[in-house]
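Asker: Got a structure here, written out as structure tokens. Questions coming.
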Amino acid sequence: MSGKVEIMNMDMKVGKTLKIKGKXDDDADGFXINLGQGTDKLALHFXPRFGESTIVCNXRDGNXWGKEQRDSHMXFXPGSEVKLIVTFEEDGFKVKLPDGHQLTFPNRLGYSHLRYLSVQGGF
């Protein structure tokens, strides 16, 4: 995975929506979007893996990752346009994919305010 963008002092509270738009690199094998309190406190790790045709979601608390949630509804490919809408709710996240499919992932760490966003990989 190649590039990385980080925002350290974001102000995203429960009820807010984040729109992410970009283009996957032509030779990308995937990308990752992370939301949380910091690099090791991730409420949502959203990682489409092109080679596996799977979207993996997870949470990270310190050095410990949670149990992966996998969804085989792949709406991304190398070179494709990426448009995501992430809604932060008290009990979890709703991620709307470009084709309208929606994934949900629980707010396992119980955060009510997110300060960290990173986008990395072939994006």
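Note that Cβ sites are derived from N, Cα and C of the backbone, with glycine treated the same way.
These came from Swiss-Prot, pasted as-is:
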BINDING   W65, G66, K67, E68, Q69, R70, D71  beta-D-galactoside binding site
DOMAIN    4-123  domain 'Galectin'
Asker: For G66 (beta-D-galactoside binding site), which residues of its chain lie six or more apart in sequence with Cβ-Cβ distance below 8 Å?
Answerer: N58, X59, R60, R108
Asker: Could you check the binding-site residues E68, D71 and say which one's CB has the fewest neighbouring CB atoms inside 10 Å?
Answerer: E68
Asker: So, three-state DSSP: helix, strand or coil for G66 (beta-D-galactoside binding site)?
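Answerer: G66 (beta-D-galactoside binding site) sits in coil per DSSP, no helix or strand.
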Asker: I need the least crowded one of these binding-site residues (K67, R70), counting other C-beta atoms within 10 angstroms of each C-beta.
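Answerer: Relative to the other binding-site residues in K67, R70, K67 has the fewest Cβ atoms within 10 Å.
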Asker: Far apart in sequence but close in space: which same-chain residues, 6 or more away, have a Cβ under 8 Å from W65 (beta-D-galactoside binding site)?
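Answerer: Looking at Cβ-Cβ distances below 8 Å from W65 (beta-D-galactoside binding site), excluding near sequence neighbours, one finds H45, N58, X59.
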Asker: If I restrict to non-local contacts, at least six residues apart, and a C-beta distance under 8 angstroms, what lies near Q69 (beta-D-galactoside binding site) in its own chain?
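Answerer: Set apart from Q69 (beta-D-galactoside binding site) by at least 6 residues yet with Cβ under 8 Å, we have V56, C57, N58, F105.
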